Amino acid sequence: MAEEAAVRAQAEAVRRLKQDKADPDEIAKEVAKLLEMKAQLGADEGKHKFVLKTPKGTRDYSPKQMAIRERVFNVIITCFKRHGAEVIDTPVFELKETLTGKYGEDSKLIYDLKDQGGELLSLRYDLTVPFARYLAMNKITNIKRYHIAKVYRRDNPAMTRGRYREFYQCDFDIAGQFDPMIPDAECLKIVHEILSDLQLGDFIIKVNDRRILDGMFAVCGVPDSKFRTICSSVDKLDKMPWEEVRSEMVGEKGLSPEAADHIGEYVQLHGGLDLIERLLQDPKLSQNKLAKEGLGDMKLLFEYLTLFGITGKISFDLSLARGLDYYTGVIFEAVLLQQENDHVEEPVSVGSVAGGGRYDGLVGMFDPKGRKVPCVGVSIGIERIFSILEQRVEASEEKIRTTETQVLVASAQKKLLEERLKLISELWDAGIKAEVLYKKNPKLLNQLQYCEDTGIPLVAIVGEQELKDGVIKLRVVATREEVNVRRESLVEEIRMRTSQ
């Protein structure tokens, strides 16, 4: 058929373009043409041919991947609860106007939905703006909460680096009027606890303050109107060398070369309390009210972090800017470090795994009377953490259990299905996680093999003799040790053997 030949020719053309590493846009265009031709061919045959893939920037999670994910969530939720947080949830979409104007240059990444019954809606971009809306709407002035949910960004996904269009965020926030820097220090302690518990390797938490940044821009001669846009350029310093950032400021954003050079002197500084003390004496910065306030609070923050015993992992870094418009005070970002090789002294960052800061004005934007509720919070970058742990599991070939089954109820002879079902029902009713094979007369070897394959630690074997004696044979899969247990003691025995 001519149509089929045309589809084959088009598929060959796409293959050649991919082989020649042609322009991605050209490849995408030819692939779209191929899909259209295939769909047309399918329609001609009177049946639809599905393209079996997940949408760009999304993924499915296999049972093995979900087991890793559950493990990570468990560490994070345990930590949030240890710090006294309550949990909330909000809708996956908000009114478009709720999200508009809160994210600076990133607003272009918001997913807008079609008009639904007169409401213009957008998918949530993060969990912070919905939280601020929730506080204003319910007139809440004081809460410590966590929220774990999916958010959506119309980004160009780089899935190998853990960047998606649909992904989870894990947020912890403290809202309320408190003495300075105590809640902020707790947020940093939480990041330190979670990254230490997950054993991801070495990390550093960079800390800065929006007021120090704004003060620095002012004394360097940046016009007020350019603060935010210059801020988002500075934020790229972890990915681009200073020369490129400087040329973006001057070439694209119209900043004077002198102002850019002044900024360059500051943003390459990082350290601890000593640097804060030095900047407090800086003739220019110390004259600026905002910068002075920010540095004073930063000094206080470091004193609290010293009491928590975590300053070894904290770096006061003047290049940290975090692009979001709503931050007003302390900002922070945790990055994982890896030694590139034995000859390199300086560890290299492999990307941000947590970030956050203080946003005292956001709730006031929603409150009809403009009442402010000061807030500080942290978001754990869960997808990047999953990517790292998945790669690690792949590399180590560690066996991951995807179920929590404690015991398989098995039989040694034929015609014992009824007895197996009676026993498993007793175990389920006692809260034991148990399975049974869905065959009337399974071979004992197959039942034992199933336990080996899935990691079930125990087998409760029902046999004719055991039934007469009122016992169950309990077999430990790993050691093949077998013991007879009285039926009435079985639940207790299983609990004891699987409690570790």
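Using the three backbone atoms N, Cα and C, a Cβ is placed for every residue, glycine included.
Quick look at what TrEMBL annotates:
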type: DOMAIN; residues: 1-55; note: domain 'WHEP-TRS'
type: DOMAIN; residues: 33-389; note: domain 'Aminoacyl-transfer RNA synthetases class-II family profile'
type: BINDING; residues: D126, L127, T128, R153, Q169, D173, R322, Y326, Y327; note: L-histidine binding site
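Averaged over the domain 'Aminoacyl-transfer RNA synthetases class-II family profile' (33-389), the predicted model has a pLDDT of 88. In this entry, L-histidine is bound by D126, L127, T128, R153, Q169, D173, R322, Y326, Y327, whose most widely separated C-alpha atoms sit 21 angstrom apart. For the binding-site residues T128, Q169, the ranking by surrounding Cβ atoms (within 10 Å, all protein chains) places T128 first.
Within 10 Å of the C-beta of D126 (L-histidine binding site) we count 19 further C-beta atoms, all protein chains included.
Helix, strand and coil counts under DSSP for the domain 'WHEP-TRS' (1-55) come to 39 helix, 0 strand, 16 coil. Sequence-distant neighbours of R322 (L-histidine binding site): residues of the same chain at least 6 apart with a C-beta under 8 Å from its C-beta are D235, I331, E333, G355, G357.
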